[in-house]
Amino acid sequence: MGRRNAGFRKNASFHGKANPNRQNGQNEKTRKPYNDIIRENEKFVKYYEKQGVCKPEEFNSFIASHKTDLPATFRITGSKTVAKKMLEIVQDQLITSCVKQTDDSGNPPNIFPLPWYPNKLAWQMELTRKDIRRNEAYYKLHNFLISETENGTISRQEAVSMIPPLLLDVQPHHKILDMCAAPGSKTAQLLEMLHANDDPIPSGYVVANDVDNKRCYMLVHQAKRLNSPCVAIINHDSAVLPNLYSTLSDGSTEQVKFDRVLCDVPCAGDGTMRKNPDIWMKWTPANGLNQHGIQTRILKRGIELLEVGGKVVYSTCSINPIENEAVIHRVLAEFDGAVELVDATSSLPGLKFSPGMESWLVASRNLEFYNTFEEVDEKWKTTIRPQMFPPKAEDREKYHLNRCIRILPHQQNTGAFFVAVLRKIKELNTKDDSKQATEMECDANDQSKKRENEDNLPHNQRKKRRKEIYREDPFVFFKEEEVVWKDIQSFYKISDSFDSKCLLTRCLVGKKKNIYLTSDAVRNLVVTNQSTIKFINTGVKAFVRCDNKNMKCAFRIANDGLDSIFPYIGDDRKVYIPKDDLITLLLNDNPQKSPPIITLSEVVQKQVKDLSLGSCVLIYREDSKDDKTPLVIHISGWRGATSLRCYMDKHSTVHLLRLLGGDISKYDINKFQRAKDDECENDEHCEETDEKEETEKDDEKCENDAKSGAENLVKQSS
Ligand SMILES: C[S@@+](CC[C@H](N)C(=O)[O-])C[C@H]1O[C@@H](n2cnc3c(N)ncnc32)[C@H](O)[C@@H]1O
């Protein structure tokens, strides 16, 4: 179709018809389409001009840049070897394919690696997401972004949002708490860092929390893409997050203190106006004032849960000093010497930013500015608090607020963002800490009592209550002598060094369907805290029930957890497969007509000759003599009576074919051409349908998953 060859338009307004604002709780009827939104707000301009948020000579370009659409960015993820291959594909194929294309002005779009992101693994395009979606010239790029995102090998993430995890300096052994984690792009990044050494089961873990139950299922979706046994998703108000404990070898428990904490707090979000232009209509100084309290409480709780010597990163996508430096200053002052601001300003060479503000004004809703709390009009004293004001001039040196990092849109064509790194240098005043923790434990105990009481309700009331609150299925870890384990262990010759107690199911009674794997540390965390912490999800799928009477074991291997259990699987069920054979298997997407074994190479035929029917592992090892870390791929396969096949969904198939240099043309569909071929009569109708479909599939995929996840749970529990 190629109806609109939009290219990248500077100062363009969002032009979609069917791209409604998606702010939480906004009434459908009051939403304006993006193209109707006027990107003006007098108060916004006056407020930031007066605050001196950037140099006066830059102010016009700051505002002008803020009015433009945000360019699309993505990050390459995956194991080191896969990421290396993906980078080659991006550089050699993707960019070349786009560079051949031109926009209305005849210029090819600029696609470049973000200079401050390590190893060229993050890329920015001078195209908006909508440009890519709606422009026939970029259909290959769009297909690439969709399938690789689904597969988990790229993450479409805003450039500035990639910064907090980088500054957190995560090591694979770290215990990490992500306090406000949904939808989970930073959680994904933290998990990738945990797996940076390609260790199948790192000793560290990520606890990802969000207060919003539905949004927790977006986290489930994110975590699932990364196949990690080292993540637990929990659902609490992080300002009052109960203490977590771990069980020691002597059976006693000790409080978990985290090595790293990410506080990517809820905020007024005026740094995201390029992506969410409806904020232009709603912005007032009160938005920031309203967030300051909860932001402070979350950060304080994060520091309480942090190990001495550990780091916490505080971030917002707001420009407002009340949500940023004022929160940092307040916490530094209240914790009086127990935490310090780390100078991270040189951690990301190439990143352009402004140093944190050391002084600011506090403004009322109607834009009256105050230097001190004493000046504040009585009527504003409930919304403006004394702690929102900057340190006195003589105290500025003590706080080093200039070590904070504020990124503005005009500096490198991104969204606006604020980030600060804090280090805990000594224990907090234990009296206050334990008081708050005790209160929170009481709160958690109350919640678990509530759940017990609920179990005693009559059946119909219980059903109704369960519909109102989402109830998770239990996390049932394997006991020493788990019946199904014996069969699995003997079929796959799993080594005794594998701890089967780290396997779990989600049902107490009845047939076990899926078996999940967690790391030992995550198992300990879940088992020890299950009565006080609301766990939403944990574990990567390792085995799936498969009642095929030809197989001597009732469970097949799942791809999700294969990399984690691979080192423990015996050689008997491993088949080494050359590239051409693997491509043949991947190109066969009809399970009823799997490639006959006799059509595969002799190497494969020899290996499968005496292999009993059923689940097996296919291993591809790249043939590279000088490369120290060749590409290795593990796939869950099936040895049939006369055929061999692999278990792969469409996106993973396309991904693997790409990595192997196979032909993906049958998957790389030009939806514009297809629509033309279908002789779509009403052009406008097509466009709207396309856009709606894409929006649903792409931007709102997580939300849909969250909803369906929640709905499934309701169905299950009722
Ligand atoms: C800025 S978003 C986080 C984005 C996320 N870190 C990411 O990178 O995808 C803020 C999140 O905080 C959650 N939230 C708001 N108040 C919270 C609270 N008191 N405790 C925990 N989460 C909270 C919201 O539900 C929202 O998902």
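Placement of Cβ uses the backbone N, Cα and C atoms for every residue, glycine included.
Keep in mind that TrEMBL annotations are predicted by a computer and have not been checked by a curator.
As recorded in TrEMBL:
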- 1-33: region 'Disordered' (REGION)
- 62-425: domain 'SAM-dependent MTase RsmB/NOP-type' (DOMAIN)
- C180, A181, A182, P183, G184, S185, K186, D210, D237, D264: S-adenosyl-L-methionine binding site (BINDING)
- C317: active site, nucleophile (ACT_SITE)
- 433-464: region 'Disordered' (REGION)
- 446-457: compositional bias 'Basic and acidic residues' (COMPBIAS)
- 680-693: compositional bias 'Acidic residues' (COMPBIAS)
- 680-718: region 'Disordered' (REGION)
- 694-708: compositional bias 'Basic and acidic residues' (COMPBIAS)
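What TrEMBL annotates, mapped onto the structure for a quick look.
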| residue | record | contacts (Cβ under 8 Å, 6+ apart) |
| --- | --- | --- |
| C180 | S-adenosyl-L-methionine binding site | N209, D210, V211, S238, C263, D264, V265, P266, I298 |
| A182 | S-adenosyl-L-methionine binding site | D210, D212, R215, C216, M218, L219 |
| K186 | S-adenosyl-L-methionine binding site | S161, P164, P165, D178, L262, D264 |
| D237 | S-adenosyl-L-methionine binding site | V211 |
| C317 | active site, nucleophile | V160, S161, C267, G269, G271, T272, G415, A416, F417, F418 |
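The S-adenosyl-L-methionine-binding residues named in the record, C180, A181, A182, P183, G184, S185, K186, D210, D237, D264, extend over a maximum Cα to Cα distance of 19 Å. Counting Cβ atoms from all protein chains shown, G184 (S-adenosyl-L-methionine binding site) has 27 others lying within 10 Å of its own Cβ.
Mean pLDDT of the predicted structure over the domain 'SAM-dependent MTase RsmB/NOP-type' (62-425): 94.
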